[in-house]
Amino acid sequence: MATHKLLLLPGDGIGTEVMAEVKRLIDWLNAQGIAHFETEDGLVGGAAYDADKVAITDATMAKAQASDAVIFGAVGGAKWDGVPYEARPEAGLLRLRKDLGLFANLRPAVCYPALADSSSLKREVVEGLDIMIVRELTGGVYFGEPKTITDLGNGQKRAIDTQVYDSYEIDRIARVAFDLARKRRNKVTSMEKRNVMKSGVLWNEVVTRVHAEDYKDVQLEHQLADSGGMNLVKWPKQFDVIVTDNLFGDILSDIAAMLTGSLGMLPSASLGAVDANTGKRKSMYEPVHGSAPDIAGKGLANPVAMLASFGMALRYSLDMGELADKLDAAIAAVLAKGLRTADIKSEGSTVISTSQMGEAILKEMQALHA
């Protein structure tokens with residue numbers, strides 16, 4: 001049985017509480033001989049700053065480089081608002097993404113049948129929803145230069161941000177999207193603003209070329225990003241895989257997130273390039289929700305997104321798709337029984353704590369392996 005090396009970075013706030021439920025599941029999988037995980041813990045974010053005055057140490061980064069996957073909790077909180085900019089908690093997350101070369105962000109938006117009434121949209125619009133948004137993570141306007149604010153000397157200022165994409169950056173993210181679609185419902189929707197942005201013209205051109213060269217078996221459509229945002233709300237089940245740039249991906253993935261009813265339900269993955277020698281890629285998995293310091297330590301946090309992020313690691317980094325399917329089924333079964341953390345409570349449901357939710361999901365996993 002293969003040994004999988006995992007680096008666990010709980011971070012701040014509720015990160016430690018939801019990560020505890022992943023550890024509980026890992027311990028059980030190891031004890032049952034279902035899988036073999038070697039885990040190491042590390043500090044990141046505010047916890048790392050308190051200990052070492054940096055958001056992540058070089059030693060922890062070395063562990064991340066050596067791992068098969070990084071499992072990340074959440075960082076940040078008002079406690080660290082006054083720390084130097086380069087040491088702010090979020091800098092640890094950004095360094096992980098940069099140094100591991102994580103260019104592809106995968107954000108699934110899945111609406112469990114038991115939670116369809118928690119969405120702000122009608123049940124018939126969102127029930128059965130299963131979208132994967134593939135966001136380019138290391139290019140675009142967030143990283144382009146120049147990025148300045150200039151005093152014009154006449155009482156006015158000018159701000160400049162620069163949207164930059166090279167062909168290879170678009171090519172590789174497109175391939176991630178097409179490969180995912182082949183394992184799903186075989187459809188990719190590419191979103192950009194080619195009508196007003198040159199980067200959108202190039203994006204459309206490269207995605208179209210990659211499709212024609214290597215993925216003719218996958219259905220490809222193009223939508224302008226603003227129209228795509230409208231369609232995400234109007235008719236979301238038309239989408240399978242959406243691929244888009246950094247800025248639009250940031251916006252569209254948050255829109256898709258709220259179709260499902262709660263940020264506490266949503267996992268994500270960030271992937272690097274496939275190593276030509278090993279066939280593996282650097283990766284990090286994290287819930288979409290933040291550190292939520294206002295509820296930290298109260299047992300109110302929803303661990304589903306953290307557990308589902310571990311499920312994505314099983315599927316995309318550890319070649320354990322069957323086990324990931326069972327974890328997804330366990331989560332769905334718990335929700336179908338009406339068990340809820342406070343963020344997803346509804347009339348007639350039973351509200352339980354973070355640890356009780358983790359325990360309930362583990363019991364369903366045990367039943368599936370009986």
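Cβ from N, Cα, C; glycine included.
DSSP classifies G77 (NAD(+) binding site) as coil under the three-state reduction. Residues or ranges marked as NAD(+) binding site by Swiss-Prot: 77-90, 290-302.
For R97, R107, R135, D226, the entry in Swiss-Prot reads substrate binding site, with the evidence type sequence analysis. For D226 (substrate binding site), the Cβ neighbour count at a 10 Å cut-off comes to 14, with all displayed protein chains included. DSSP assigns D226 (substrate binding site) to a helix.
Annotation comment: Swiss-Prot describes Y142 (among others) as site 'Important for catalysis'. Counting only residues at least six positions away in the same chain, the Cβ atoms of N246, L247 sit under 8 Å from the Cβ of Y142 (site 'Important for catalysis'). DSSP classifies Y142 (site 'Important for catalysis') as helix under the three-state reduction.
For K193 (site 'Important for catalysis'), the same-chain residues lying six or more positions away in sequence with a CB closer than 8 A to its CB are G200, L224, A225, D226, F248. Positions annotated as site 'Important for catalysis' by Swiss-Prot: K193 (among others).
Under the heading Mg(2+) binding site, Swiss-Prot lists D226, D250, D254. In the three-state DSSP classification, D250 (Mg(2+) binding site) falls within a helix. Taking all protein chains in view, 18 other C-beta atoms sit within 10 angstroms of the C-beta of D250 (Mg(2+) binding site).
In this structure the alpha carbons, written CA, of Y85 (NAD(+) binding site) and R97 (substrate binding site) are 17 Å apart. The binding-site residues listed here (G77, D81, P89, R97, R135, A292) include no residue with a Cα within 10 A of the Cα of D254 (Mg(2+) binding site). Counted over all residue pairs in R97, R107, R135, D226, the record's binders of substrate, the longest Cα to Cα distance measures 27 angstrom. Counting neighbouring Cβ atoms within 10 Å of each of the binding-site residues (G77, P89), the lowest count belongs to G77.
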